[in-house]
Amino acid sequence: MFNECAPSFIPNFLDAASNVVNWTWNAINKSLLHDMSSTYLQSVDKLVKNINVNMSQDVSSTNLQFKSCFADKCRMSVFDVVVNLEKKTGTLKTVAVKKLMDKLNNGYNDTKPTSLLLIATVQDCSDSSLKIRLDYPDIQQTQRKPLCVFWNTTNKDWSDEGCSLSTNNKKYTCECNHLTPFSALLSKGGISKHNTALDMITNVGLAVSIFSLMIFLTTECLVWSVVVKSNLAHSRHTAMVNITTFLLLSDICMLASTSPDNIPETWCLILTICKHLFYLAMFCWMLCLSVMLVHQLIFVFSPLRKRVFMFISSIVGYALPILIVGSSYVYYGYNNIEYFDRKTCWLIYVRFLVGSMHAFLLPVGTIIFTNLFCMTVIILKFVKSSVPGCSNADDKVTAKGIVKVLAVLMPVFGVTWIIGYIGLTFPEGNVIRDVLDFSFTILNSFQVIQKQPTQ
């Protein structure tokens, strides 16, 4: 331990440690950055534990501040964070660190760290039962939801085990029953007031969707030999059956992961991969269907042969989703980057073009806009097929026909998912975001396949 030399050692230690976090770390890749920042934090933590103090001290540098006080009614303010220790014996030693939070790994999706990290340890105390309270002034009166977390040195990530949040006089206080480096994280958006309602709508919608899809598949099996009498009918019904099957599997996986806290981590990963794969396969078959219909409208006398359609659609509908999901999983695993969020059993969205969610958003977005273009071509073809110089009554018939085409093709082509993409542009807690969330949940959780007229 640093004993007699502690008073002279502490200022030098703080200055050196402050200079390290003051350097620009932008040129370092993210994986190495997380390892270096975690190692730095553990080193500072060990040094603080080995500093033996016998009096109250207050030493500051640009990015670090060290304070110590006797545990009996120990209360101190470190970089404006008020620290209280409920202990009658021992000496509390704390070091507050700036400019480190944004360098550490953060596995909590849709959160951003506060500016300060606090390291605390108790000297001359063998009793492990304690409670420490932290009042963060920068998260008081905020619209963001705070999370009390500590740094898990084994997992090299934040954890909320043993820490809780309490509210007193509209102020947020973190309480932890152990001493490790800890801080607070803020949710990316405001506290959602509609989570319960959305969960209820989702569960009911998924149940209705699963039941309806099973009826559709049963009906297709019963009438297949009757309705499939041409290459066009075979291609269209094959695509519809695949879309229905993958949507059904996606709904089942989604329903199975509605309570992530009750699911083992391995099963959470499996459900994430399955949802990623099944949803991508569903959209790929939607793409096959839309392109096939447009081809039939444009090249009326040159329809796709059944073998050609099955070969191309098998590559797009089966091989492509497996390739995307497999390569994204291997990429994130090889680079030691989190592939899924344990709290949601789904992919991770960090920010624009960062996070495994983009292995889903980018291909699905491309397919949706391609299908939107195909749907526009179909509608224009439908309008042009109307007789020129038609009456107002004929115009109404055409308008009703367009509405019917939209009602049938929008869910089949996955166009309703555009609402989800628009919602990503608004912060959580925004009124427009809430409306879009409800619209997206209702339209897509109740999604079923509408049977088209047989050709």
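Each position is counted from 1, following the chain as shown.
Cβ coordinates come from backbone N, Cα and C, glycine included.
Sequence annotations record features per position, and here TrEMBL assigns domain 'G-protein coupled receptors family 2 profile 2' to 198-447. When pLDDT values are averaged over the domain 'G-protein coupled receptors family 2 profile 2' (198-447), the model yields 83.
Taken from TrEMBL, the feature transmembrane segment applies to 204-227 (among others).
What TrEMBL records for 277-301 (among others) is transmembrane segment. Beyond the transmembrane segment (277-301), the same-chain residues lying 6 or more positions past its ends with a Cβ under 8 Å from any Cβ of the stretch are 232, 235-236, 239-240, 242-243, 246-247, 249-250, 253, 309, 312-313, 316-318, 320-322, 324-325, 360, 363-364, 367-368, 370-371, 374-375, 377-378, 381, 412-414.
Annotation comment: TrEMBL describes 308-332 (among others) as transmembrane segment.
Summarising the annotation, TrEMBL assigns transmembrane segment to 352-380 (among others). Beyond the ends of the transmembrane segment (352-380), by six or more residues, the same chain brings 276, 279-280, 283-284, 286-287, 290-291, 293-294, 297-298, 324-325, 328, 332, 337-340, 346, 402, 405-406, 409-410, 413-415, 417-418, 421 to within a C-beta distance below 8 angstroms of the stretch.
Marked as transmembrane segment by TrEMBL: 401-424 (among others).
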